[in-house]
Amino acid sequence: MSDQEAKPSTEDLGDKKEGEYIKLKVIGQDSSEIHFKVKMTTHLKKLKESYCQRQGVPMNSLRFLFEGQRIADNHTPKELGMEEEDVIEVYHEQTGGHSTV
């Protein structure tokens, strides 16, 4: 297991209150865990990009879920009500699935 920090975006740099960072666990389909320390106001796109880069896969090939809801690039931990040690689940995107009648 390793810790990696998703760097805050430039609009987040002005707000440096204590306790603004939380640790999140990202768990893949293979049960692998990667821990991230993120600011409550950072867009989760940064975490998603960092995870995909570490896994060596394109971002559009995965979907990220928190409490069963898909995470949009512009969501923040604060908007989603995330807390310390919350879990983000990662699944491979599936396309197709039409019936052949």
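Heads up, the Cβ atoms here are built off N, Cα and C, so glycines get one too.
The SUMO1 cross-link annotation in Swiss-Prot covers Lys7 (among others).
Annotated SUMO2 cross-link per Swiss-Prot: Lys7 (among others), in sequence order, evidence recorded as similarity to another entry.
Per Swiss-Prot, the feature SUMO2 cross-link maps to Lys16 (among others); the stated evidence is similarity to another entry.
Marked as SUMO2 cross-link by Swiss-Prot on the basis of similarity to another entry: Lys17 (among others).
Residues or ranges marked as SUMO2 cross-link in Swiss-Prot (evidence: similarity to another entry): Lys23 (among others).
Counted within 10 Å of its Cβ, the other Cβ atoms near Lys25 (SUMO1 cross-link) come to 14, all protein chains included. Feature annotation from Swiss-Prot assigns SUMO1 cross-link to Lys25 (among others); the stated evidence is similarity to another entry.
Summarising the annotation, Swiss-Prot assigns SUMO2 cross-link to Lys37 (among others). In the three-state DSSP classification, Lys37 (SUMO2 cross-link) falls within a strand. Neighbour density for Lys37 (SUMO2 cross-link): within 10 A of its CB lie 13 other CB atoms from the protein chains shown.
Its Cβ taken as reference, Lys39 (SUMO2 cross-link) is surrounded by 23 other Cβ atoms within 10 Å in the chains shown. The annotation SUMO2 cross-link is assigned in Swiss-Prot to Lys39 (among others) on the grounds of similarity to another entry.
With a cut-off of 8 Å between CB atoms and residues at least 6 apart in sequence, the same chain places Asp73, Asn74 near Lys45 (SUMO2 cross-link), listed in sequence order. Residues or ranges marked as SUMO2 cross-link in Swiss-Prot (evidence: similarity to another entry): Lys45 (among others).
The SUMO2 cross-link annotation in Swiss-Prot covers Lys46 (among others).
Across the domain 'Ubiquitin-like' (20-97), the prediction's mean pLDDT works out to 95. The feature domain 'Ubiquitin-like' is assigned by Swiss-Prot to 20-97, with sequence analysis given as support.
Marked as phosphoserine by Swiss-Prot on the basis of similarity to another entry: Ser2 (among others).
Look at Swiss-Prot and you will find Ser2 tagged as N-acetylserine.
Look at Swiss-Prot and you will find Ser9 (among others) tagged as phosphoserine.
Cβ environment of Ser32 (phosphoserine): no same-chain residue six or more positions apart lies under 8 Å away. Here Swiss-Prot flags Ser32 (among others) as phosphoserine.
Marked as site 'Interaction with PIAS2' by Swiss-Prot on the basis of similarity to another entry: Phe36.
Here Phe36 (site 'Interaction with PIAS2') is positioned 6 angstrom away from Lys23 (SUMO2 cross-link), judged by their C-alpha atoms.
Comparing the recorded sites Lys23, Lys46 on other C-beta atoms within 10 angstroms of each C-beta gives the minimum for Lys23.
Residue pair Lys39 (SUMO2 cross-link) / Lys25 (SUMO1 cross-link) shows a Cα separation of 14 Å. Comparing Lys46 (SUMO2 cross-link) with Lys25 (SUMO1 cross-link), their Cα atoms are 14 Å apart once rounded.
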